[in-house]
Amino acid sequence: MISPLSSTVFLPAIPSIAKDMDVSISLVNLTVTTYLIFQGITPSFIGNLSDTYGRRPAYMICCAIYLAANIGLALQNNYVALIILRYLQSAGSSATIALGSATSADMVTRAERGKYLGYASMGVTLGPALGPVIGGLLDHYLGWRSIFWFLTIFSASLFLVIFVFLPETCRNVVGNGGIAPPWWNMSLMGYLMQRKQEHVELLVQQPSRKRPNPFASLKILFEKETGLILGFSALMYGGYYMVLSTLSAQLTSRFNYSSVVVGLCYLPMGIGSICYRYTAGLVMDWNFRRHAKRHGIEIVKNQQQDLKLLPIERMRIEISLPFVYMACAMIIIYGWVMDQKLALAGIEIPLFFLALTISGAMNNLNTLIVDLNTRSAATAVAANNLARCLVGAGAVAVADPMINEWGLGWTSVFVSGVWVIFSILLWVVMWKGHSWRMQKQEERNNDSC
C-alpha cells in the first residue's frame with residue numbers, strides 16, 4: 001500500500017506546499033507525474049532482483065530508501081529538494097507492489113490466489129483512495145510536514161516487522177520451503193531459530209539461480225498474451241487515476257469544500273476497494289474450482305495445479321469482464337453527476353462502485369499475470385506496474401486539459417469508450433490465450449531438444 005498511498009497522500013496539501021515554497025500549484029502537481037514515472041520503472045529492477053536473490057533483501061533495500069526519503073521530505077525547504085526526494089520516495093516504495101504479490105504467489109496455489117492476491121493487490125486501489133483522507137486531516141490539523149512524518153513512522157514500523165518476522169519465500173532461494181536460505185535472507189526470528197538447530201543437516205539441493213536481468217519485465221511486456229492483458233490493465237488504471245487526480249480540484253471548485261471534507265470524499269473509494277475482497281476474490285476462487293471440476297482435476301490443498309490442463313485465461317477473464325463493463329457505467333454516472341453539480345451522494349455512490357469494480361477487474365488480471373509467470377512473479381508484477389504507471393502518468397498529464405476542453409461528463413464518456421473498445425483485447429486472450437501458451441511451450445520443448 002505504501003507506494004500508491006505515498007502518491008496521493010499529499011494531494012490535499014498541494015496548495016499549502018506551493019504557498020510555503022513560493023511556487024505554482026502546477027509545479028507541485030508535477031511531482032505526482034514524476035512519482036508515477038519512477039513508480040513504473042523501479043520495480044523492473046527490484047522485482048527481477050527479488051526473483052533471483054530473494055524477497056527479503058529487496059524488501060530491506062526498499063524500506064531503507066523509503067524511510068530516508070520520507071525524513072528528507074519532512075525536513076526540506078525548497079522545490080528542487082522536493083522533486084529529488086519524491087524520486088527517491090517513489091524508488092523506495094514502488095517495488096513493494098510487485099514484492100507483495102510475488103510473496104503471496106510463493107505461498108499459495110492457483111486455486112487460492114484469488115483470495116490472497118486480493119489482499120496483496122488491495123493497496124493498488126485502496127492506497128490512492130485513503131491517501132487523500134489521511135493527507136487532508138494531517139494537513140488541516142498539523143501542517144503538510146506531518147504527512148511525511150506520518151509516512152516515516154509507518155515505514156519504520158514496516159521495516160521493523162519485516163526485519164524481525166518476514167521469512168524468505170522466493171522459490172528460487174528456498175525451493176518449497178525445505179532449503180535453508182543464506183543468513184542475509186533470514187528474518188531475525190528465523191536466524192535465531194536456526195542457530196538452535198545447527199546440528200540438523202538439510203539434504204535438499206539448492207536450486208540454481210540466473211543472474212538478475214533488469215530488462216526481463218520488458219520481455220514479459222512484449223509477449224503476445226501478457227502484452228494484451230497488461231495493455232488493457234494499464235488503460236483501466238490510467239482512467240482510474242484521472243478520477244483520483246482531478247477529484248480534489250473538482251470538489252473544491254464546484255462545491256468549495258475544505259481540504260478535510262475533500263479528503264473524506266475519497267473514503268467511499270477506499271471502502272469499495274476493501275469490499276473487493278468479499279466479492280471478486282471469492283468469486284475468482286469459486287470459478288477456478290468450477291473449471292477444475294469440469295476438467296476432472298481434483299483441488300488438493302497446498303498442491304499446485306498443472307496449467308496445461310486448465311484454460312486459466314478463461315477462468316480469470318470471464319470474472320474480470322463483468323467488472324470492466326460495470327466500471328464503464330460507473331465512471332459515466334460519476335462524470336455527469338459531478339458535471340451537473342448534483343447531490344454529493346450522487347457522486348460518492350458511483351465512486352464506491354467504481355473503486356469496487358476497478359479492483360475486481362484489475363486484481364483478477366494481476367492474478368492471471370502471476371499465474372502465467374509463477375517462477376518470476378515479481379518480475380511479472382513489475383511489468384504490470386510499469387505499464388500501468390506510465391499510462392497513469394500520461395493520463396494525469398492530460399486529465400485537466402481534457403476536462404477544460406470537453407467538460408467532465410464527456411471526458412468520462414471518452415474514458416468509458418476507451419475501456420469498452422479495448423476490452424476486445426481480453427476477449428481475444430480468453431479465447432486464444434490457452435492455445436498460444438501451449439504453442440509457446442511446444443516451441444520451448446523443441447528448442448531444448
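Along the chain as shown, the residues are counted starting at 1.
Even glycines carry a Cβ here, placed using N, Cα and C.
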TrEMBL annotation (transmembrane segment) - matching range among 9-27, 28-46: 28-46
Selected stretch (most C-beta pairs under 8 A with the transmembrane segment (377-398)) from 147-166, 228-251, 319-337: 228-251
Cβ-based contact of the transmembrane segment (257-280) with the transmembrane segment (343-365), 3 or more pairs under 8 Å: yes
Residue numbers, six or more beyond the limits of the transmembrane segment (147-166), whose CB comes under 8 Å of its CB atoms: 2, 5-6, 9-10, 13, 55-56, 59-60, 63-64, 66-67, 70-71, 73-74, 134-135, 138-139, 187-189
Any contact, the transmembrane segment (319-337) to the transmembrane segment (58-75), with at least 3 Cβ pairs under 8 A: no
Non-local residues, at least 6 beyond the ends, that sit with Cβ under 8 Å of the transmembrane segment (228-251): 8, 11-12, 32, 36, 124-125, 128-129, 132, 220-221, 257, 261-262, 265-266, 269, 324, 327, 331, 334, 338, 351, 354, 358, 361-362, 365-366, 368-369, 383-384, 387-392, 394-396, 399-400, 403, 408, 411, 415-416, 418-419, 422-423, 425-426, 428-429
